[in-house]
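Chemist: One structure is given below, represented as structure tokens, and several questions about it will come after.
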Amino acid sequence: MTAPPKPLSLSAERALSGTVSVPGDKSISHRSLMLGAVASGRTTITGLLEGEDVLATAAAMTKMGAVIARGDTAWTVDGVGGALLEPESALDLGNSGTSARLLMGLIAAHPITATLIGDDSLQARPMGRVTAPLGDMGATFASRGGRLPLTITGAAQPMPIEYTLPVASAQVKSAVLLAGLNTPGDTIVHEGEVTRDHSERMLRGFGAEVEVTETDRGRTIRLRGQPHLSGQAIRVPGDISSAAFPIVAGLIVAGSRVTVTGVGLNPTRTGILEALGLLGANVGVSKDGAAGAEPVGDITVEAGPLTAADIPARLAPLMIDEYPILMVAAAFADGDTEMRGLAELRVKESDRLAVMAEGLAACGVPLRLLDDGIVITGSGGRAIPGGARIDSHLDHRIAMSFAVLGLNAAAPVLVDDARPIETSFPGFAALMQSLGVSAHVDDQER
Ligand code: S3P
């Protein structure tokens, strides 16, 4: 990032109230650009998230031959119809792990070479989880220690694999399935814990044959290789991961009532609603439609007392990105909230377990950090002390979580840098202001 850091703090002088809609779902936005880019014909996308992560995917697909344009009402993607071109320069994926891992999958089964680069946060993230199965399919990799910068050469004759995910990761599952697209025969992935299934749903929409069988030991996904994919009209629902911020804000500021409309309610993403329910939150959901294969609805919350609860580890893959903001809700519950099964949080845009624990402690929230979880002692609704400057470690969700925490703090919570918020939630501060929050943005600081 070349621009100077932009510190941000939020405060609430009164209850929050209003109806808002949040930007498009990040996972679905990435996938719509990628599948549109390899399909034949034109894909139109409305509601695309115009955040930095998704724009990095668009730029990468353009370098590999797709023609992508932003129109007045929709984005258009004219696909390459199968064969990706070799990019002439490095693919810069910024902060985006989803771009890096899913693109490696796409490239793995094309006979091209590409170099993937990213920011300091992305360069610290493990890629071995995708290079291992993609290597089995015939791709080769050059990197230092399995991290970015990394050069991948796709297989000229890719081989289908049957792969059991060693970690609950939709990115790894999707990388293997995307490689399976240009691979003869059936590519099969077993997942012990169900992870977000946007890839499976969208692949079917583009015309691929995807068979999913579910047992009490998880799901098996079988993709028939070399399908004909045709361009589609895609409507991207609002991102529940972004909606979680105004939702928790509405829960922790007394007297608030907040509605978020048009949110994606895919059951592999709604763990946060169940977790907030366990805390006794007043959350109403109306499922009122669908955007293609994705269910959509409105979420309304009213502030009220929250009660501590044990958040079961089985929810982790269904709400992995929402733990930072759930921890903020837990900071206002009455009693000790325990969350387990969170080892994956340590390899996100930052080590989210450590960074949340550090920031909450600095704000005077009592907690105990565990190897794979955290126990947070909530204030029972009273303002937490606050009065800290938070190092958000180039992590958008950490930055937004602490900005929300500051809404019920005795002294301001200053987030060191709001710039990473652009990766997933452009307009975050303005949306919060529209609910009645005051935002203090200091872009003078150097
Ligand atoms: C994503 C999957 C999740 C999530 C990320 C987006 C996706 O990562 O944290 O923000 O779009 O598939 P993992 O698959 O590594 O859990």
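Cβ coordinates are placed from backbone N, Cα and C, and glycine is handled just like the others.
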Chemist: Of the residues Gly94, Gly97, Gly427, only one is listed by TrEMBL in the phosphoenolpyruvate site with Lys26, Arg125, Gln171, Arg352, Arg397. Which is it?
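Modeler: TrEMBL lists Lys26, Arg125, Gln171, Arg352, Arg397 binding phosphoenolpyruvate, and from Gly94, Gly97, Gly427 it also lists Gly97.
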Chemist: Within the set Arg31, Ser169, Gln171, Arg352, which binding-site residues show a CB-to-ligand 1 distance under 6 A?
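Modeler: Checking each Cβ against ligand 1, the ones under 6 Å are Ser169, Gln171.
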Chemist: For the domain 'Enolpyruvate transferase' (13-429), would you mind checking the mean pLDDT of the predicted model?
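Modeler: Its mean pLDDT is 98.
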Chemist: Hey, of the binding-site residues listed (Ser27, Ser169, Gln171), which one tops the CB count within 10 A?
Modeler: Ser27
Chemist: Expressed to the nearest Å, what is the distance separating Ser169 (3-phosphoshikimate binding site) and Gly97 (phosphoenolpyruvate binding site) at their Cα atoms?
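Modeler: Here the two Cα atoms lie 12 Å apart.
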Chemist: For the binding-site residues listed here (Lys26, Arg125, Lys348, Arg352, Arg397), tell me which residue's CB has the most neighbouring CB atoms inside 10 Å.
Modeler: Arg397
Chemist: Have a look around Gly97 (phosphoenolpyruvate binding site) and count the other CB atoms within 10 A of its CB, chains all included.
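Modeler: Result for Gly97 (phosphoenolpyruvate binding site): 22 neighbouring Cβ atoms inside 10 Å.
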